[in-house]
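Listed in Swiss-Prot for this protein:
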BINDING   66, 67, 131, 162  [4Fe-4S] cluster binding site
């Protein structure tokens, strides 16, 4: 097999007129014979690099919730995701794909960003599940849930579902492979901007310094004597939660 580097200024139309077959990101097995036109493959370094990347994706499994159980079934023999060249890695320095499956909390956000920064370039992200994409059922009144992992790291493929099926995960990997096949290695493949890609509402809870109101004082006064109550209550009475 001979690989010929084509200059960008070369006229490809003249080559097509000579009945040359262009095999770009082909998955079929190559065969050689006595005919020269089927023994020589004409391609570019860009397509060759993209073919090598999409054929050897090494994912870093970042499972935090029930969505990861669906992804774990892909490792078995029923779905066999090794046929796509995926090799699970436990170190971010050996991975070029991170799959976030499950809820991401505020305390876990710095660790996730650090794992993403330690991955080798070029790197890709698949957001798996409703909790990862929008916060899921925790997106309305949760104070500790990140409402979308794309606010922390750039996302290439979104897999909605609660949880998504293994077939949907395979389809997401195929779509990511198509994105990699169309990339230009001379350009930066990410222009990350913080955007709201979904409708989300922030919680309206305000946390004062005390958690005692008039009802709690009345309940305590019925159970304790006056001396014990005055010695116990050293904080001014205020509402526990007030709505803005």
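Cβ atoms here come from the backbone N, Cα and C positions, even for glycine.
These numbers come from a predicted model, not from an experiment.
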Site of maximum Cβ density within 10 Å, from binding-site residues 67, 162: 67
Among 66, 131, the most crowded of the binding-site residues [Cβ within 10 Å]: 131
Where residue 131 ([4Fe-4S] cluster binding site) falls in three-state DSSP terms: helix
Extra residues within 8 Å (Cβ to Cβ centroid of 66, 67, 131, 162), [4Fe-4S] cluster: 65, 101, 102, 103, 129, 130, 132, 136, 161, 163
